[in-house]
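**Student:** My questions all concern the structure below.
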């Protein structure tokens, strides 16, 4: 049996099916574009889901893919098992061949058997097949094609061998192919008590979609039967490299050996598990970041953070003192960058995110581990860590719950999940949003039906501002209607063609007017559904509008021109950011509005004022050069080869529109643009800020809006000059003088306030109340700065060794509490506790401080009348 590399296995699989007239479909992003209920793509069929359900048509009926997939949870792939078992992974590649109404069971089994035994040269006596127990048809094909006897065809009664999308929809029996690693390895055939052993390993699963589930008890035969298969690349490579553990294949071993050379710890004992975790999680983290996911505390970003922090903890276990993961990235890019060029394109950004996250986590990792050690010292095997401690590790030290569980796993200590969740609910500001699906299946089906009946909307707006179009559908309150009669009714309108641009690619939709006979419709927005249906959001202004009639569609030309200007400027900005900030910059989001543009980029630090000036200068230089803007349609592959920028994770058709601006910018884009860069006029950045870790937001204006901005600033400047009775040449000096004078006045005011609050020892003795052997002095004051109240209270408690000083300052709708306690009595009376209790009494949420000095707030001014009583009760029980 020939030994194949991972790359050769992938290549041979794809080449084999291409030779058998399958279309090679590139992998989709890990972020599913067609299933809002799914967090990540976890199998090869996800990108074809709408094809299988009949909601989408493709120009091919047979396909082959090598699909990036990710599983980071669930009963079959718990994160805690990754690295410790032979075949659990977060990121993996799923090889698959698919038929959409073309071939079925016999041909699928033939393709699989022929590839395994002839192309991959697997011994026939090492292979077994499982079938669903009632699928006699599949059994007959296995006997005919492979020559299997009944002893090699295993009938399975459970749903492991019957697949469905849900309670309704396409479904069908499965047939799995198992490989026998040999009797020297423990394990039994599928369906036996020893089936969980490692001897017999599933290497290929074929789903025969032949039924449609109508309801719980009813299924019918499909008129168009389909095939969905999946072969895990890592599993298959392990078989072909004669190893029984996926982590021993060439791809993982290269990463593990590279890591070993850096950390200088041998790959043996417990360390080998850490090396495997790091190798697996490096792939998952890097591909997620390349597809646009940023570590955060919710949704996909939180899954990424969990994976990253688990790998970082294992790097810590190997003794890595400095960030490690980003140092391993070049090796991964070297191994997989040719097959997945998004890794190469995003390498600098991935490296930056990996390093930053590790630096951020290292700051708290050791302290969190120390707390965990202290809290579990008295726990023994079978005990449970409290949910409160687990939550503190999560909230304060950044330990995801499954990381805490992973650490305690070796000691057989569990975590109180219920207690953890209770703590999570109590701290709402730390709660993460749950991942929710759209819940709009009825509405989704409406749009699929429209697309099925009428097809895509033809967009005319690249060359026309107005056109005669046929109205093919009207929608009101999510229902199709034949006409709209009520004036000022809001509704959706679909036509066979339109000059209106539907919001997509960051560019918002057009507005304008539709005229039909005696009717007039105002278009207040234009949207795009299912990628190709252009939907006009309308208000009826006059007459009646009907399905089937022709109408004149006219866009607001000035509105469109301003959109063109800002969209073209966005392309130029993108190119200049690459030049000024670096090639790692990728687009994370954008908004093209008629009055401004917003552009989100991957960049790990703030853009400096100097860089902003340089960016503005370069963009304006390109505008002044008045480059011609050309658009062409070409194959996606050709466009990318020519250097056209594409968005990671974005789904493109086989043919794309490429927008070229001189030699400056080349991007895939379906938006509307100016004819020459000079049409933009001018460009000005208005703000730059952070919106997430590693993501910066730039906002800018162009053309007439730059002039408007300059006029507003000029008007503001003149108002300031008038108010300060100066001119712009003397303005800075005048402002600095005012600021200096203000500082002096503030200092004088501070001295005055402190003097007014100061008391002699005799005055304290006279004014203070005697309570349980100590003195209590309470004063209500006006809206005085907290800093002054702190200083005044501290000064008084230094003069008298048994004093509790309480100030309550009343501001506009709020109260400020200051409590100071003489240090000689802090063993009995704690300023922090007193301040917090007063705060809660006065409607606040508690404050903070030390035993001798603390401050807090409140807002229930009405309760001040009872403050004396509250103070007395607090001190008599202290």
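Every residue, even glycine, has its Cβ placed from backbone N, Cα and C.
Here's the feature list from Swiss-Prot:
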type: BINDING; residues: 567, 571, 669, 673; note: Zn(2+) binding site
**Student:** Taking the centroid of the Cβ atoms of 567, 571, 669, 673 as the Zn(2+) site, which other residues of that chain lie with their Cβ within 8 Å of it, listed in sequence order?
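**Tutor:** Checked against the 8 Å cutoff, the neighbours are 507, 564, 568, 570, 592, 629, 659, 667, 671, 672.
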**Student:** Within 10 Å of the Cβ of residue 567 (Zn(2+) binding site), how many other Cβ atoms can be counted across all chains shown?
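**Tutor:** For residue 567 (Zn(2+) binding site), the 10 Å Cβ neighbour count is 26.
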**Student:** If you draw a 10 Å sphere on the Cβ of residue 571 (Zn(2+) binding site), how many other Cβ atoms land inside?
**Tutor:** 23
**Student:** List, in sequence order, the same-chain residues at least six positions removed whose CB sits under 8 Å from that of residue 669 (Zn(2+) binding site)?
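**Tutor:** Set apart from residue 669 (Zn(2+) binding site) by at least 6 residues yet with Cβ under 8 Å, we have 505, 567, 571, 657, 658, 659.
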